């Protein structure tokens, strides 16, 4: 490992390997921040603190040789940090807070009533761009580029707004998953205490895209739209579809592509009319105007011309826009409290990129192709100012920006709110005891 | 049930016993005759079973309301009208004893009692509804005029989205924390703002039902504890035999204990898939053979079905491995997939022997992108369904009947008709479980096979 090597010949080849990880966990990974986050204010300083809280949280480690260690738990920051440094997991997952320390679970899994059970867990969402493969033509599978990444941006905007305005949540962390998607952690106390049924309800509230290759129409609006969908459409989706996606994905440029859109229109007379126009018009007379834009306008005009009395066509335009742009969530991830999710600031083994937070207010600026990689960070460490304070080596690197953002935008407001909740809960309890003592 | 003759007289109930909904908070302080103990419970069980069957057949809410009214009238009337309420309460508590004893029993009882409560609530008058709301001590507050004006546009949008009349100026809306009305949230049937859902009067049932369900769920756990610790032993010669007999009668086989265990081998699978698998499993099976892969939902649905059919774990591992290695390689199969197959057979983790999914469970699942599980009668487009049925050998006449059932959302009836068409024999019981389809099919075809051999 060339840490003490000459500054000019800073040769750290790209890639991902256990040696790099060791340095990462040794000098850059923000153990203390993760610990503070997961403690949710139970740092022992307030009389209302629950000292067992952090120790009841499950972590899981994926080790280099694909060995998977579940139900890891730690009683202090140093235990967590030492275990990570020692085991050097290629992936760290965070699970729920259980009723008892996961290490002791076997002592409790007896009898019909399973006393070892999750009691708190963040409300989480996982959006993966491979779920959009049927509507993106630039990439497929694990690839991602700047043409299709905006689909993730749009998903963040729609979901984030709903979580805050509709559900009233405040402490939301969006994280780049390292390769092809984003994760969302909702950390308000109320969110952490939601039951599986309530989580399922929220996931269903967000669900619009239904079906798979066996059904034609994946988005169907039998009636006028709910206010949440109206807002998503007018504030985010329509503009994105008409001004970005149409062009970047060339949605109407070939017969195969426009046929896919035509299959979403349940009316033969409309589709054959449009097909007729497009098959003839290989070169549109308006050659300045982009063909995608032109054909979309034609489609809208035909559908909304008022000639169409057929019920199923009333909201066809919206259905098409939603089918292409509306967020597609992994329902199972959100519904179950015991679902594990990768921790922020892990490094993705296939890309070497760090899972850094994304600012939802600035998500349009996020570029997955410029996210710091492990090898880049190590290079920066080497070339950075060696006089700097050892405690904050990440400040010398591009990771600094992300950690600072994590702290100021998310962690500090969260901890402040936890303390306030703890304080008011404590005061209420004291008052209650006083009341019950009095006659 | 402890019996003490009560001095308190119960208020006389009006003849329409449906409108008086008890809260079932505490076991009644009444004297109950032993024969009534059993008879009342069986009458109520008939109502619950009727509800269970109707739900499995996909009946619409309006149909359910009528059904509940009729079932209740037919079974829960007492010769002395004033005793109706007591019969209601007693039968409920007896059934709590019967259905508290295992997770599966509790789940079933909870679902059916909740459904029963919901429809009885809906059948009540607005006055009755309002009174019950107060009894329940729900965390909801009627919104003020100003709040209504501010939210009016959004409330109208919600009403329109469900073809409901627009809220009038004097409409009552309740503001409730969203987590109290999960079903309304899930269906986007309410306007939500800053964590509060705006619930219309006619939706208030959701609040009541959620609370009812939650209370009953907790009560069942407590009842179970009491049963196992004291009652069962104490009542060994009197109530316990009655209680145990009552629970056997109404749940039907769950196919977790396979009778034909070991009779099905891998080489039989292709042929069996063609002849005896219901469409949902055949689709999964064909896709597995085609893509050499299935996503998690499909692996669970098909894997557990095969277990119920009698595929031994070793054979299951060999079968899945043979398919998956063609896509992901043998090594990756062993690392990533073998564990969960063993898990399904109860050989890993918390060692639960998982039961194959029933139609109800399969119909209610939500296949997404790349998934092939769920009920094809529900999720396939008509075109694809016709093609699939054609491949199964369903003739054109039967196909129209099947498609008609699907259009009316009677998915299990559609599957039953398919069964009847493919086997040229009737299936009176109706299909409720894929493994039932398989074993019924096997029964019909086996003797033929034996004769041929």
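Backbone N, Cα and C atoms are what each Cβ position is placed from, and that goes for glycine too.
Unlike curated records, TrEMBL annotations are generated automatically.
Marked as [4Fe-4S] cluster binding site by TrEMBL: B:280, B:359, B:375, B:415. Residues or ranges marked as domain 'DNA primase large subunit C-terminal' in TrEMBL: B:270-438.
Annotated features, which come from TrEMBL, shown on the structure.
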| residue | record | CB count, 10 Å |
| --- | --- | --- |
| B:280 | [4Fe-4S] cluster binding site | 28 |
| B:359 | [4Fe-4S] cluster binding site | 24 |
| B:375 | [4Fe-4S] cluster binding site | 26 |
| B:415 | [4Fe-4S] cluster binding site | 27 |
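Same-chain residues with CB within 8 A of the center of the B:280, B:359, B:375, B:415 CB atoms, the [4Fe-4S] cluster site residues themselves not counted, are B:278, B:279, B:362, B:363, B:376, B:377, B:378, B:411, B:412, B:431, B:434.
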